[in-house]
């Protein structure tokens, strides 16, 4: 009798802080099994202060890689498989806009920290640091998040993230 092939089912932890959170516009991506596996694990907070801002004409929440600035950011941890991570890397334009890095997240008083993947904006115009910092993201009518399929191809989000000095 042959052995059944062992499927690698190692799951990673992913911290989400913006439109991917439960009840937010892009959470359906995590909920779709066509993108891979994702399961809510717990609520969490960053272990260091980071600036969370809403920017671009599409009101995208960005977590800037600028430790010590901003607030401790509240979000959610999901257990995800490699297929989901690849789907999210494509969604988040990994390498073009975001980078995915491993950071420790607080999971509660007395509970400690857990290492999680998180999407951070590495390169950004300095004017993003002058925007209002948030400790938690919620889609709103004052800054309505524009889903990717509703954005115009003439103006990709990265066009709003110019790195040159503005006159």
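Positions of Cβ are set from backbone N, Cα and C atoms, glycine also.
The substrate binding site feature in Swiss-Prot is assigned to 17, 18, 19, 20; the stated evidence is similarity to another entry. Taken from Swiss-Prot, the feature active site, proton acceptor covers 92.
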Cβ-Cβ distance under 8 Å to residue 17 (substrate binding site), same chain, at least six residues away: 46, 52, 61, 63, 73, 74, 75, 76, 118, 136, 137
Densest Cβ neighbourhood among 19, 20 (binding-site residues), 10 Å radius: 20
Recorded positions (18, 92), the one with most neighbouring Cβ atoms at 10 Å: 18
Cβ-centroid neighbours of substrate site 17, 18, 19, 20, 8 Å, sequence order: 16, 21, 24, 26, 61, 75, 137
